[in-house]
Amino acid sequence: MKPTTIALLQKCKQEKKRFATITAYDYSFARLFADEGINVMLVGDSLGMTVQGHDSTLPVTVEDIAYHTRAVRRGAPNCLLLSDLPFMAYATPEQAFENAAVVMRAGANMVKIEGGAWLVDTVKMLTERAVPVCGHLGLTPQSVNIFGGYKIQGRGDAGQVLLDDALALEAAGAQLLVLECVPVELAKRVTEALSIPVIGIGAGNVTDGQILVMHDAFGITGGHIPKFAKNFLAEAGDMRAAVRQYIAEVESSVYPGEEHSFH
């Protein structure tokens, strides 16, 4: 199989072909996802909660991300692999570049960073130095202490601010954008306004792609279950069939449905 590229996702956007992505943290699941047809994966700092058992993503380190990136890359050598830069790993453009180099050497194709227009200089610095960037707007878990919890973002006047941030990130060179926990109406505006692919989670079925935390897709998340989550394993009966169902429902816009969306 040929390696999946950003250009391929751009083609999907142009042709209005929705694509499914998922988080992965180890060799075995990465191989399973790749075998069943998922070609884009994220080593997310969500591993702090799903793998390490913390109550937020804040304790995750660059070394943690690099470790899991190496494992996922071995399991899915041809996938487009995104890796998060964790909390306080990109406070300055120079720090971002140093830490991006670590995860890129570990096997990432692209780094994901959370935040709006304040990241413009960082995005420019990274992309000018051959580090592809995926932005992340809406509910940005590293900002949980600012938000006062995991809450929907972008309602009212905040929606225009988010759209402006998205346009600024694209202009700075970002090649993908993740939108998390925003109203469907705003997600549609952002997706249509940007020329780069937009990947949603809790943003309705109007984005170019969809991502889920693998533990949510398999119904093994402890504690609070997000509204946008769906247990595909319960319906499909086994993990491989669950992954295939997830892909099929994303591509056909069945998932996420109205019951998984915000307004």
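Placed from the backbone N, Cα and C atoms, the Cβ positions cover glycine too.
Swiss-Prot names ASP45, GLU114 as Mg(2+) ligands; from the candidate set ASP26, ASP64, ASP84, the record adds ASP84 to that same site. In this structure, ASP45 (3-methyl-2-oxobutanoate binding site) belongs to neither helix nor strand by DSSP; it is coil. Site extent for 3-methyl-2-oxobutanoate: among the recorded binding residues ASP45, SER46, ASP84, LYS112, the largest C-alpha separation is 12 Å. Listed in chain order, the residues near the 3-methyl-2-oxobutanoate site other than ASP45, SER46, ASP84, LYS112 are LEU42, VAL43, GLY44, LEU47, THR57, VAL60, ILE65, SER83, LEU85, PRO86, PRO141, each with its Cβ within 8 Å of the site Cβ centroid.
Each residue contributes its Cα atom, and for ASP84 (3-methyl-2-oxobutanoate binding site) and GLU114 (Mg(2+) binding site) these two points are 9 Å apart. LYS112 (3-methyl-2-oxobutanoate binding site) and GLU180 (active site, proton acceptor) have their C-alpha atoms 13 Å apart, to the nearest angstrom. A C-beta separation below 8 Å, combined with a sequence spacing of at least six in one chain, links SER46 (3-methyl-2-oxobutanoate binding site) to THR23, THR57, PRO141, VAL213.
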